[in-house]
C-alpha cells in the first residue's frame, strides 16, 4: 500500500512538471462568426494601457457598403464573454478610413487612391495583424488582395498602421503609392499583394509583397524616430535595376516577402542605427531560403543584399523553408537569434518520422567584419515533431520570459496546427544562457483537444496563428494567444506564477567506498548517506508570497534511475527499501536552505559494476497542488496568482554518484587486458588448423588472460562457437572458474571484479564434437573469443583483447551402396496382351523388386545424403517413346533402421511422378506394397545371420544361373537351346541406362541423416512388361535388365568418404519360357531319340510309383505351363486376401 501511494505521488509530480506554467485549465475563449476564418491572425495589443486581443476574420464582413467578404478585425477585452451576443464580447474595429462615415460609401466612391468597384471583395482584410505588444504601442493590419485602378483590378495590397487606440494613422500601398509600373500587369507590379506578411517594432515597419514581378516577391521597410528632427527612411526591393544584386539572385515565383522580421545579429554594418531586415523566400531554389537585407539610413531607397550576398538556404525540396520566421534574443547576449520554420519538410530515420522542421540559428554574439557574414550564426539547432502531417513550424512567436527565470531569457512557441490528427498543438521552448544546453525537447506541449469545455467535434487547426510576449492579465508573466481558424476559435492561455526553487545534493565524501559502508542494512554490499538540499532562489521570490512556508509545502521525491539507456537503476533508499522514495518537505525554505538526509545502499546482487556511477533524480512539487477551473460565461476571471507552479528545471535535478575504484589519483582505472589462445594437439598448417578426428572426439582450447595495468572491474571472458557441431563446453583445470552459457553458442567466464593488475588466468575449455542426428553439417569450426571490463583501455590496448580461429574438422564415415534383384531371374511367355486388356497388376507380368542397401560403416553420422537411381522403364526407341520394360508400380520407399531400435518407412521423390509410376492406372495388389510408417521398434537379426545372407547373394550379377534349380524346365531347354540351328550361340541382350539401350528416369531418395553403423533400404517394386518381351525378345537367350544407383554427399560436411563403393547396379535376367513359345529353329534328330528314350523311362518310373500310391484313383488336372502356373498361383493368393 505504501509503494502504491509513493507511485501515485511520483506520477502527480511528473505530470505537474510536464504541464509547466501556461495554464490550460482556465483559458479565455473567443468564438467568432461561422465561416469567417475567425482566428486566422491574432495579436496581443494594448489600447493605451488596456490589454485587448486583436483577432482577424479575413472572410468576414467589413460592414462597408458594396463589399462582400472583405474581412474584419475584432478587438476583444480580457473577460469571460466567450460567445457573441453580448456587448462585452468583442468590438469590430473599422479602421480603413479616417472617417467612419466612409463605410457607408462604395469603395470606388471614397477619397484617396482609386479602388476598383469590387476591389474590396475577398481582399483578406486582417489576414495579417501585428502589434508592438506594449502599452500605447501601435499595430499594423493588412489586406493583401485589395485591388486598385478604376477599370483594371490590380491586387497590389495595402497595410494600415493603427494608433494604440486602433485609429488609422497611415496607409501603406507601396506599389501603388510609388507608381511602380503595371503595364505588363503581374509581370511587373500589378499584383504586389502587400501585407501578405508584416512586422513591427518600436521604430520600424516591414511588409512583404510576395506578388511583385511575377511573384519574385519584395520587401518594404520604413524606419522612423520619436525625435521629430530625425528623418523617416523608406526602402524597398522593388523597381531595382536589372543589375542589382537582389534581381540577380532571385527569379519568378521565389516568393520573397512570405515572412518578414527585423533584428541585429552581428553583421558588420549593424553598428549604431543600421538594422537587418530578414525575409523568407519559400520557393527560392525549390527549397526555400532566408534573405538578409541591410537597412542603412541613407538617402537611397534601395533595399538589397549585403556585400557578400549572404543567404541561408533550406535543405529539402518543397520544405517551404522560411514560411515563418521569428527574431528574438534567446541567450541574453544582446544579439538577436533567428528561428526559421520549414513546415513541409519531412524526415524519416531510425528515430522515427517527422513532419515539419524548425531551425534555431544562435548568433555568435560577435560583431563581424565585412565579408564575414557566414560567421554570424552558429550551426542551427534542429527541432522536429514526430507527427508526420503536423506542419510543425507553420507559426512561430516570441513569448518573453514566460518561465520567469532570473536571467530574464526570452522563450518562444511553435505551432503545429495539424498535429494529433488535425486537432493541432503548440510547443513551448525555453531560452538558455549556454547554447550547448539548449533543450530541443519542449518544456510544454499544449494539445488543442486537451482544452476544457470544447464544443462538439473537438478542435481543428489549433496553433495556426500565434502571438505572445505581452502580459495580458497583469500578473507579471507574458501570455500566449492562439488561433484556430477552422473552428473560428481563439484561446488566450495565461501564465501561472512560478516559484523558482533550486535543488542540489551533498555527500560526506566525493565518492562511495566499495567495502566501507557504516550501519548498512542487512544484505547490503555498501551504503552511504546522501543529503538533499532545497531552497527558494532569492532573486525570484515573487511567487514565494503565494504559498504558506510555515509547514512542509512541497513534496520531495528521490529516485534511482539508469545511468544510461543500456543500464538499469541501482541503489536502494532506506526510507522505502526501493529505488523510489517520497516525503513532505520545504518548510521555511524561502528563508533558508533545507537539508534532508537519506541512506542509500547497494544489495549484494546489484554490486557488480563499480565503474558506472549511480544516478539519481531529485524532484520537488507543490504539495496538494490546486488547479484552476474555467469559469462560466460572463463570470469573473480566475486569478492565477493563487495557482503558482514550480520552475520547470530547477525543481527536477539529476546527478551522479561515483565509486572509489582505488585506481590512482584520478580514480579512473586504466587497465590493459591481453588474451592469448592455443589448440592442444592441433598444429597450425598453411591451410590453417586442420584436425582429423577418429576415436578422439573432442577439442581442447587453452586460454591465457593477463592484466598488465590497473584494476579491471567486471572483467569477463566470452567465447563464441558453433553450437551445431559442438556440445556444451567444460572448463578444465580450474575449479574456481565456472562457465555459464549465454544464448545457444556463447560461453562466459567471469575473471574477477576486479581483476587486479599484474594478475593472470590460465584455463582450458574442452568441446566435444556432436555425434548422431543432431550433428552439424561439418563446416569449419569458428571460435571467437574476447575479454573486456568496465575499466578504460586505449584503442591500441584493445587490439589484443580479441582472438579468432577456424578449425577444419575432417570426419571419417564410410558409406557403401549395393543392390539385389528379387528374384534375380524371371521368365516371360504366353500370349502378348494389349495394355487395354490389363486389369490387375498380375496381368502385366512377373513382379520384380530391386532393393538398394546403403550402409554407413561410421564412425560419424552423415547428413544430407541422396541416392539417385536410374530406372529403365522403356526400351530405347528412335521414335521417342519406347515399349514398356520394367513397369514401376509404386513410388519407391526407404526403410530406415536406426541405432536406437526404431525404424520408419518414407517415400522417394520422382519428378513428374504420374508419368512414370503406374501411368496406366492398373489396379494394384496392396499385398505387395510397402507402406509409409512412423518410427517403430523392429527386431534385428544377428550380424552372423546377415553375413550368411550376404554370402548367398552373388556379387557377380552375370552368373544368375547358379541360383536356378537344375531340374527346372527352363534349365532343361537351355541345355539344348544354347546354339541355334546354324550352330551359333543364342544372343544375350542388355537393357540399361549407361549404354543408352533403355529410356530411364531418376528416382531421388533423400536422407536427412544416416547414423553410424546403420543401414537404409530402398525398395523399387515393378513388373516385367510381358508383352514387350514376347514381341521383341522371344528368340534371344536372355535379357539382362539393369538399374543403376549412385550416392551424392553434401561436400560442405567435411566428411572423408571413399567414393569407390558409392555406386552400384542391380540386374535382373529375363528369359523366354520355352514351352509356351514356338521355337522354329530346327532340332537334330538324335535329340528327339534321346529325349524319347529318357521320357519313356521317366514316365514308366512315375507310373509305377503313382500306381503304388493310389494316385490313379483321383481326378487329375491337366498340367499347365510354368508361366501359366505362376500367374494362377498369384491370382489364388490375391483371392485369399478377400479383394
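Please read every residue number as a count from 1 along the shown chain.
Note: Cβ is positioned from N, Cα and C throughout, glycine not excepted.
Per Swiss-Prot, the stretch carrying the note transmembrane segment among 1085-1106, 1107-1128 is 1085-1106. Looking at residue 1026 (N-linked glycosylation site) and residue 788 (N-linked glycosylation site), their Cα atoms lie 78 Å from each other. According to its DSSP assignment, residue 788 (N-linked glycosylation site) is in a strand. Along the repeat 'FG-GAP 2' (111-171), the predicted structure has mean pLDDT 92.
A Cα-Cα distance of 33 Å separates residue 108 (N-linked glycosylation site) from residue 136 (N-linked glycosylation site). Taking the Cβ of residue 788 (N-linked glycosylation site) as reference, residues of its chain lying under 8 Å away and at least six apart in sequence are, in sequence order, 673, 715, 716, 718, 801. The candidate set comprises the glycosylation sites 108, 136, 580, 851, 1026. Of these, 1026 has the most other Cβ atoms within 10 Å. Nearest in space to residue 851 (N-linked glycosylation site), taking C-alpha to C-alpha distance over the glycosylation sites 136, 313, 580, is 580.
The Cβ of residue 313 (N-linked glycosylation site) has 13 neighbouring Cβ atoms from other residues within 10 Å, across all protein chains displayed.
Recorded residues residue 580 (N-linked glycosylation site) and residue 313 (N-linked glycosylation site) have their alpha carbons 49 Å apart, per Cα-Cα distance. DSSP classifies residue 851 (N-linked glycosylation site) as strand under the three-state reduction. Look at the repeat 'FG-GAP 1' (21-85): DSSP puts its residues at 0 helix, 27 strand, 38 coil. Taking the C-alpha positions, the distance from residue 313 (N-linked glycosylation site) to residue 136 (N-linked glycosylation site) comes to 38 Å.
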